[in-house]
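One structure below.
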Amino acid sequence: FSFRKLWAFTGPGFLMSIAYLDPGNIESDLQSGAVAGFKLLWVLLLATIIGLLLQRLAARLGVVTGLHLAEVCTGGLGWFPRIILWLMVELAIIGSDMQEVIGSAIAINLLSVGKIPLWGGVLITIADTFVFLFLDKYGLRKLEAFFGLLITIMALTFGYEYVTVKPNQEKLLQGLFIPYCRDCGTPQLEQAVGIVGAVIMPHNMYLHSALVKSRQVNRADKREVREANKYFFIESCIALFVSFIINIFVVTVFAEAFFNKTNADVNQVCVNSSSPHSSLFPNNNETLEVDIYKGGVVLGCYFGPAALYIWAIGILAAGQSSTMTGTYSGQFVMEGFLNLRWSRFARVLLTRSIAVTPTLFVAIFQDVEHLTGMNDFLNVLMSLQLPFALIPVLTFTSLPSVMHDFANGL
């Protein structure tokens, strides 16, 4: 084992892990904490482990064959299933991009104390993609370092909330390692399914299999291929462990502070703290429902304005960091399935235009409730797209003709 070699292979796994930290994941985390307390932490743990195993297969496919998943699908499938797979993956990428737009717009609105309206935040997200295109010109390693900085910001901001709220550690460990959900009903089951859809992103398989190609590996040397597989797997474990810890921060903060709270409880605290957002919570005994926007407001009411702004910075980092990974995924998928080589500028313009249009209409003509409600729908969309990514990666990594000595025996 060599730390120098691990450092050389570090990068693709952290870029991939950003999909485990996008605004859709944060929304799913806070809702599962508020709705089920600590009871669904084991679902998050299992989903992350399954995600790691699937990412390992995707990375191995890229290392051993020198082709990413979309290219392998093109060589091994007929034109009809190939087009169907391409359309499904594009749908997942657009849905993920919409979640990034929604999260960023809400964060900008919170940070500006409502002075920048939601539709203004949506429009600002059009500009941020071109910032990443600018960074991309300086090389992949610098882009990987920038995304590492954004992940660090998320760890610090959500870690601050965790330290402030001080969740019950015994309940946390019990929720992680004992698979139970006593007194759970339909809302808790919906959250459990949402966690799986939010954590395991379909287009991430295509992305990871392509990113590992950025490192030079002599594929004629089996020892070198095995070494590359080992270090990419170690890096993926570290990256997904970091993303898992950040997700744990969010779930447990809302499980400890807001599980079983009513609107009246929160309304009273917000009124006492002179929050301008107290009208968001009607003075009734209905169970509190939170989303990315309300989550920040509630944290501000209970733990001071600093908690609200730090929360918004974390959400903004989540939205910004996952923007470019969607662009990379779309580019690799389009090149692999259709053999179309667009510039990144054209690719960003297409996906961001498709993602921004419906989001902008909701932001202009509806309220924040409908905007954040779109995240729940998009998490369901992701879970429906999963088979279209999982079946190819499981199939092609198990074919000896493709993987030779590295075929997946299971």
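Each residue, glycine too, has its Cβ placed from N, Cα and C.
As written in TrEMBL, here are the features:
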- 37-58: transmembrane segment (TRANSMEM)
- 146-163: transmembrane segment (TRANSMEM)
- 192-211: transmembrane segment (TRANSMEM)
- 232-255: transmembrane segment (TRANSMEM)
- 297-318: transmembrane segment (TRANSMEM)
- 345-365: transmembrane segment (TRANSMEM)
- 377-396: transmembrane segment (TRANSMEM)
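By number of Cβ pairs under 8 Å, the transmembrane segment (377-396) is matched best by 192-211 from the list 146-163, 192-211, 232-255, 297-318. Between the transmembrane segment (192-211) and the stretches 37-58, 146-163, 232-255, 297-318, the greatest number of Cβ pairs separated by less than 8 Å involves 37-58. Note on the transmembrane segment (146-163): residues 14-15, 17-18, 21, 135, 242-243, 245-246, 249-250, 252-253, 299, 303, 307, 310-311, 313-314, 317-318, 320-321, 324 of its chain, located 6 or more positions outside it, place their CB under 8 angstroms from a CB of the stretch.
Packing against the transmembrane segment (232-255) from elsewhere in the chain are residues 6, 9-14, 16-18, 20-21, 25-26, 29-34, 36-38, 40-41, 44-45, 48, 51-52, 55-56, 59-60, 63, 151, 154-155, 158-159, 161-162, 165, 167, 171-172, 175, 199, 208, 212, 290, 295, 299: each is 6 or more residues past its ends and has a CB under 8 Å from a CB in it.
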